[in-house]
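> Here you go, one structure.
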Amino acid sequence: MDTRPPPPQGKSPFSSARRRRKLIMTSLRPVVITVAVLGGIWSLFSGIGFFRNAPIYSDNGSSKLSLLSIIVGVLYMVVMGIEIFGIFAASTQKLVFVRIYAYLAGLVVLIIAAVGLVRVVVHFTLKDDILNVCTNATTGDTIIYTGIFGPIRGGVLDAQEAAAWCKRSYDRDSWSEIVAFLITTVLAMMFAVVAFNYLRQVLDPTSPVNNAREPQRFGSAFPSHYNPPYNPNMPYGGQYGGAPGYYQSYPAPAGPPPHQSTDAFVPPYPGKPPGFVGGDDTKDGYQKHDDGPSEERDVTTRTPNPFR
């Protein structure tokens, strides 16, 4: 009877390890580029929105809100510039640029957190200024209430209706400012973690990121420990361009070429050991062998063996 335990049920414990290893061996370069593009677009539109609000606050008698809008807009433009540099760093895959972008990504976290905190503080501390600017800007304007199937009703707002409408908008924005502060800060921290992990991949020589990176100085040179490839354009005996520099080339010896054998079947051996003479094996060709022995031997007379 088989007493072996049944195979384990469920997922193998090695499957999660393989997935983690596959994730580690995956290059983060496209992720960094995508994150930088999205962050740059978001910061661009956010900065433009604050620059557009600055003259509205100034025209309605709130220079403080106008100045704060300009400062926040400039900070968003700084974030956009950092993200553009991140796209450049990930595209070139240069270690110095990737390192700079990783530290700038940490600076982006501080900027986004500071901007979100400033927006929350300004929203609650300058409540009266915000409501006054909103009421002055919307009094006498036409407002249209829309629904799923299109506009429902509309009308021109007087001062009392404009104040009520701005109060409802302010209450909704109170929660949105807090939620936006938390979400943007967490996302900026996640993006910074991705940037530092990409820097770690670039620093790791066994990472797949370095498989496609060629050396910075000698990317086109042929490896010195391999024979150079055949170059048909080089003259005979010339040194190939990819050969190592420590191989010394020797010129041809002076004088005519050494004497070669006239026999087509005997190759020349210029480097024979001492005691050997080059040339033909026979001087008269095969005629000497065709004449037979020069004298006849007596095979009937034998010399007696003295040891018997």
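Using the three backbone atoms N, Cα and C, a Cβ is placed for every residue, glycine included.
TrEMBL does not curate its annotations; it predicts them automatically.
Features from TrEMBL:
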COMPBIAS  280-300  compositional bias 'Basic and acidic residues'
REGION    248-308  region 'Disordered'
TRANSMEM  28-45  transmembrane segment
TRANSMEM  65-88  transmembrane segment
TRANSMEM  100-122  transmembrane segment
TRANSMEM  178-199  transmembrane segment
> Checking distant contacts: for the transmembrane segment (65-88), what same-chain residues at least six beyond its ends satisfy Cβ-Cβ under 8 A?
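Same-chain contacts beyond the ends: 32-33, 35-37, 39-40, 43-44, 46-51, 53-55, 57-58, 97, 100-101, 104-105, 107-108, 111-112, 114-115, 118-119, 122, 126, 129-130, 133, 195.
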> Residue list, the transmembrane segment (28-45) vs rest of chain: Cβ under 8 Å, 6 or more residues beyond ends.
76-77, 79-80, 83-84, 86-87, 90-91, 93, 108, 191, 194-195, 197-198, 201, 209
